[in-house]
Amino acid sequence: MEPSRLVLYTNRKSPPCRAVKLTARALGIELVEKEMTLLRGDKLMEEFLKVNPQQTIPVLDDGGIVITASHAIMIYLVCKYGRDDGLYPSELVRRARVHTALHLEAGVIFSRLSFLFVSEPRLTGQYDDETEDDYVPFQEPVIYSGKSYFHSDRIEHIRKAYRLLEDSLVDQYMVGESLTIADFSCISSIATLVGVVPLDESKFPKITAWMRRMQELPYYEEANGNGALELAEFVLGKKEANASQFL
């Protein structure tokens, strides 16, 4: 099926948005990309809120059909516009393994990236007898509160995520010997993480080899590599700027 006018509300630094762009490039689909900042004053915000009141990206608008969340968008694109099922296998076992890898990305890799960059636990303040079990997330001090360090336990959580991914890579790609959307999803987060928490290639040779295979894709840098580097540099730059305030 030939795609209609596909509009993607996106941000080039966002890992989930980059995963969608990788999928679209692999399918040869042209997207009308609307770059969002999601900040007050964003000129597209009024238009965007009509499409997705949840205010999350990426969002795909396919001729009035609105799909939110990167995994859902990738599956939708492959199922509707893919020439075959290679990127999202119809065979039950392989499809189940794709979903397993997607859950690894969302539940471990991306969530720990968010834990390092975006969220920090705090007490709710609703009760006098709160304990650590009552923690809820709030904003990461490096980005939002002027702190100049990452918590050591968060760095260790990232290294443990590397180990989980390393142990999951039993073949050339996340699911067997061919590329799937699971690879696009995982590389979107990992490519940024390694720019902030360096990857020891001697300890993680499978990840290293897999990343090099992904980087050989002709559309990789434009769809993912450049944005991943931008996000890593932004986070490290913010950390350094915060530190300079104390000199």
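Heads up, the Cβ atoms here are built off N, Cα and C, so glycines get one too.
Annotated features in TrEMBL:
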DOMAIN    4-85  domain 'GST N-terminal'
DOMAIN    91-246  domain 'GST C-terminal'
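When pLDDT values are averaged over the domain 'GST N-terminal' (4-85), the model yields 91. In terms of DSSP helix, strand and coil, the domain 'GST N-terminal' (4-85) has 32 helix, 17 strand, 33 coil.
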